[in-house]
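Here TrEMBL flags 15-162 as domain 'Phosphotyrosine protein phosphatase I'. Feature annotation from TrEMBL assigns active site, nucleophile to CYS21. Residues or ranges marked as active site by TrEMBL: ARG27. Feature annotation from TrEMBL assigns active site, proton donor to ASP136.
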Amino acid sequence: MLPSSAKNLQSTIPKKICFVCLGNICRSPLAEGIAKHLYAKMPKQSKAKIEFCSAGTSGFHNDEGIDSRSIGIARENGIDISRYTSKQVSLYGHSDVDLFVAMDRQNYATLLRLGFEPSKVVLLGDFGLGGKEVPDPYYGGSDGFAKVYEMLEAGIANLLENLTLESLNKADLPNK
């Protein structure tokens, strides 16, 4: 049985997943890069076509580049996010994204306050992280970014595993 917000995955396989943090310069673009990287490594027969994006709930950093420490930890792990620019989640229409993955409870609550359907909003911490929030490493050092990378990688791997298991289960159903 899936924990709390993760239960939202049981109803439909998302075609577009948006990772969301506050400013879209540290956690969520890193999550987007990790998701694309992990998804590309999965066997084709076990996955549906999914597009990934990221956004921030605030407009603090609209159209700015990603924090160099996020770029650095991504690069250390073979992922290039150097060309990403920050975007605000309000740029996405309510029907443009199938699943919003919030980094923490504050951003989860903000997504709900902005009117996004509760069935389309989950907390990344509910996927193999024991409900823990992914902390904002912005005011810390490189070690904080390394810890966030580890959390994101574990949570996203679990999220993708849940999605592919659901996809396989649906594929096994006879057509009516």
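For all residues, glycine too, the Cβ spot is worked out from N, Cα and C.
The number of other Cβ atoms within 10 Å of the Cβ belonging to ASP136 (active site, proton donor), over all protein chains shown, comes to 18. DSSP assignment over the domain 'Phosphotyrosine protein phosphatase I' (15-162) gives 66 helix, 22 strand, 60 coil.
If you average pLDDT over the domain 'Phosphotyrosine protein phosphatase I' (15-162) in this model, you get 94.
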